[in-house]
Amino acid sequence: MDQENWTVVTEFYFPDFPQFENSSLLLFIPLLFIYIFIIVGNFMIFLAVRLDTRLHNPMYNFISFFSFLEIWYTTVTIPKMLSNLVSGEKSISFIGCLLQMYFFHSLGVTEALVLTMMAIDRYVAICIPLRYTIIMTPQLCLQLSTGSCIFGFLILLPEIVWISTLPFCGPNQIHQLFCDFEPVLLLACTDTSMILVEDVIHAVSILTSVSIISLSYLRIIMVILRIPAGENRQKAFSTCAAHIAIFLLFFGSVALMYLHFSVTFPPLMGKATALMFAVLAPFFNPIIYSLRNKDMKDAINKILCSQKMFNVSGS
């Protein structure tokens with residue numbers, strides 16, 4: 001195409017969202033409920049760990065940090081989805097699209113690193129318990145959490161800056177629920193073979209984290225199986241089961257989303273995968289960590305009971 005005839009794209013549109021007068025309200029209400037539940041549930045976990053001194057240890061600190069990230073991770077995409085369901089325009093600015101991609105993936109990378117740290121923490125606690133307090137010091141946990149956040153937000157910056165320099169001159173319809181690398185790159189007026197490079201970069205980072213976590217939990221399970229049957233063995237299994245469930249939900253949806261390389265999914269399956277990746281996986285995080293963990297349930301109940309007492313005394 002002649003560069004002089006290019007029309008610079010300033011907005012992208014999401015044509016696959018239904019019109020409000022059709023069935024969008026049926027989708028808006030459950031999505032809004034899910035979003036509120038994610039925010040409230042993860043905030044309760046974060047608050048419970050911060051306020052209950054019994055939970056001031058590396059494992060719960062990582063859980064609270066992960067819950068804090070989940071709040072922002074879903075806030076990057078779900079409010080815009082809700083807006084698109086009730087709005088007539090269903091659009092996002094070019095800058096807004098870049099920012100959505102940047103924060104969504106930066107928070108996602110940070111979450112993947114936190115899940116990796118949680119697996120390592122459980123490995124040290126169960127496989128070499130006598131050295132746990134020496135290795136997993138509060139200072140190290142703070143450094144790991146801070147480092148994962150810095151790395152997550154820096155590693156995506158060159159990629160976003162590079163995408164911002166690409167020419168977007170023709171189609172501006174994103175056939176996805178939110179701005180993501182592949183659907184946006186497909187709209188660039190340049191060679192789209194770069195998508196394969198994106199897939200390789202994502203695959204290497206995903207498989208690295210998955211390998212570390214999988215090896216850690218395999219070793220943990222082998223050690224737990226050697227523990228005599230009893231309360232300690234059951235507690236170790238229960239704790240690790242929650243971590244493994246979150247790991248499978250998070251990386252399972254990530255794998256479906258980004259490890260298919262150039263294989264084309266049917267449009268409906270692509271959107272279902274995106275919904276699982278951006279909405280359903282975060283939805284189950286507070287459920288798993290609050291229902292599968294007695295200490296967490298006690299801490300949350302303590303907060304809720306104290307709130308009820310405050311309301312009664314205030315009235």
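Counting begins at 1 with the first residue displayed.
Backbone N, Cα and C atoms are what each Cβ position is placed from, and that goes for glycine too.
Values in this document were obtained by computation on a predicted structure and should not be read as measured data.
The domain 'G-protein coupled receptors family 1 profile' annotation in TrEMBL covers 41-289. Looking at the domain 'G-protein coupled receptors family 1 profile' (41-289) alone, the prediction's average pLDDT is 86.
For the transmembrane segment (25-48), the list of distant contacts is 18, 55, 63-64, 67-68, 70-71, 74-75, 78-79, 81-82, 85-86, 279-280, 282-283, 285-287, 289-290, 296, 299-300, 302-303: same-chain residues at least six beyond its ends, Cβ to Cβ under 8 Å. According to TrEMBL, the feature transmembrane segment maps to 25-48 (among others).
For the transmembrane segment (60-82), the list of distant contacts is 17, 28, 31-32, 34-35, 38-39, 42-43, 45-46, 48-50, 92, 100, 103-104, 107-108, 110-111, 114-115, 117-118, 121, 141, 145, 177-178, 246, 278-279, 282, 285-286, 289, 295-296: same-chain residues at least six beyond its ends, Cβ to Cβ under 8 Å. Residues or ranges marked as transmembrane segment by TrEMBL: 60-82 (among others).
The transmembrane segment feature in TrEMBL is assigned to 102-120 (among others). Sequence-distant neighbours of the transmembrane segment (102-120) (same chain, 6+ residues past either end, Cβ-Cβ under 8 Å): 59, 62-63, 65-66, 69-70, 72-73, 76-77, 144-145, 148-149, 151-153, 155-157, 160, 178-181, 205-206, 209, 212-213, 216-217, 243, 246-247, 250-251, 254, 278.
Here TrEMBL flags 140-163 (among others) as transmembrane segment.
Outside the transmembrane segment (200-225), and at least 6 residues removed from its termini, the chain residues within Cβ reach (under 8 Å) are 109, 112-113, 115-116, 119-120, 122-123, 126-127, 159, 181, 233, 236-237, 240, 243-244, 247, 251, 254-255, 258-259, 261. The annotation transmembrane segment is assigned in TrEMBL to 200-225 (among others).
The transmembrane segment annotation in TrEMBL covers 237-260 (among others).
TrEMBL lists 272-291 (among others) with the feature transmembrane segment. Sequence-distant contacts of the transmembrane segment (272-291), counting only residues of its own chain at least 6 positions beyond either end whose CB sits under 8 Å from a CB of the stretch, comprise 31, 34-35, 37-38, 41-42, 44-45, 63, 66-67, 70, 73-74, 77-78, 104, 176-178, 180, 242, 245-246, 249-250, 253-254, 256-257, 265, 297, 300.
Remote same-chain partners of the transmembrane segment (237-260), defined as residues 6 or more beyond its termini with a Cβ less than 8 Å from a stretch Cβ, comprise 59, 66, 108, 111-112, 115, 118-119, 122, 126, 199, 202-203, 206-207, 209-210, 213, 217, 220-221, 224, 273-274, 276-277, 280-281, 284-285, 288-289, 292-293.
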